[in-house]
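Let me begin by presenting the structure, written as structure tokens, before commenting on it.
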Amino acid sequence: MAIKAKHQRLVLLGVAMVVLIGAAILAIWALRNQASYFYVPREIVASPPEASRAVRLGGMVEQGSIRTLPDGVSIAFVVEDKEARVPVTFRGIVPSLFVEGSGVVAEGHMGSDGTFVADNLLAKHDENYVPREMKDMTGEELQQAMAEGK
Amino acid sequence: MHGFANPARFLRIARWLMPLCLGAGIVIALAALGWGLFFAPAERLQGETVRIVYLHVPAAWLGMAGWSGIAIASFTELVWRHPLAGIAARACAVPGAVFTVVCLVTGSLWGRPAWGTWWVWDGRLTSMLVLLFLYFGWMALSQASEASDGAGTRAPAIFGLVGAVNIPIIHYSVIWWNSQHQPPSITTGGSAMSGAFLWPLLIAMTGFTLIFAGVVLARMRAILAHQQAEARLRRKALAQAG
């Protein structure tokens, strides 16, 4: 008799867990776009947000794209992903991890000329942790060194 | 598992296992922190600030492991009515919450130099903050259920299982959604973290996990002792009344 009650609870709880996980998956599915912290360049190019709307743009800073504008305190650069690129201007002090080829999240709005005007820049670092001594290695050398477990 | 159902047998094991876990954990964690803070290299882009990883990642892991412990204990409590399950869940709550706070604080301190902000409301940071609030809620509910004298550990156990939904959300938040926080460096497929960072980090995680286990065992012993003392007082009061 005791074993039966135990099994009954196990089945009941199992069903409850399945329902709970199902509800969680539905909620996450509904949130899949809203919960993203920023838009990637592809999304911005495909459907540009209105100029009045504050949005975030996240992607990689294109190699060789950072330049200082004539006023001396503004910079212009390009945020890219694999499919699209968005020009960005920003006036202010950049975070120390803001470098070409690295990730960035820009807060601001779209200008009328298709340039993203950023009010705030956040640097994004990726999942790779590389010692300083290896900073001059090329990508392939790095991967080899990592594979060897250094 | 029911071999440990007898609290006396559990206490006999916990008596030597607890100081062993605590002692070894403190030694290993201190050694790993020393390695990480003074001997591990600076990171290519982040420089010296990367060293906070040796505290941040173990704290994040244990914050999530604490709730996983509550969830497993809750399941055991609800299905098998194991006498130690509710006690184990209560013992996990406070250390889990403390490590969650450490994770949030060190993450914030790290975010300022690395990202340029103390806090952002992205998926990872928000779900981790939700975990802290879940801990607060669980502790309040657990205390209230205890005060209602034996009405049970059932409500906190159900809460513990429902709250476990947040654990995979924390883990996958950086994979499902664009986020300020980077994706995991250590996965089953390997490590995107150079061995110079990875080894002290893994050892720090081992050390802090042992400390966590030691604290949970200590708290379980304390809760059991408290229950025994209460039962003894009750018997005494009954004997006097009779």
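Each residue, glycine too, has its Cβ placed from N, Cα and C.
Since the structure is predicted, the reported quantities are computational estimates derived from the model, not experimental observations.
Taken straight from TrEMBL:
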{"type": "TOPO_DOM", "residues": "A:1-9", "note": "topological domain 'Cytoplasmic'"}
{"type": "TRANSMEM", "residues": "A:12-31", "note": "transmembrane segment"}
{"type": "TOPO_DOM", "residues": "A:31-150", "note": "topological domain 'Extracellular'"}
{"type": "BINDING", "residues": "A:His125, A:Tyr129", "note": "heme binding site"}
Would you mind splitting the topological domain 'Extracellular' (A:31-150) into helix, strand and coil residue counts from DSSP? 18 helix, 43 strand, 59 coil
For the topological domain 'Cytoplasmic' (A:1-9), what's the mean pLDDT in this predicted model? 75
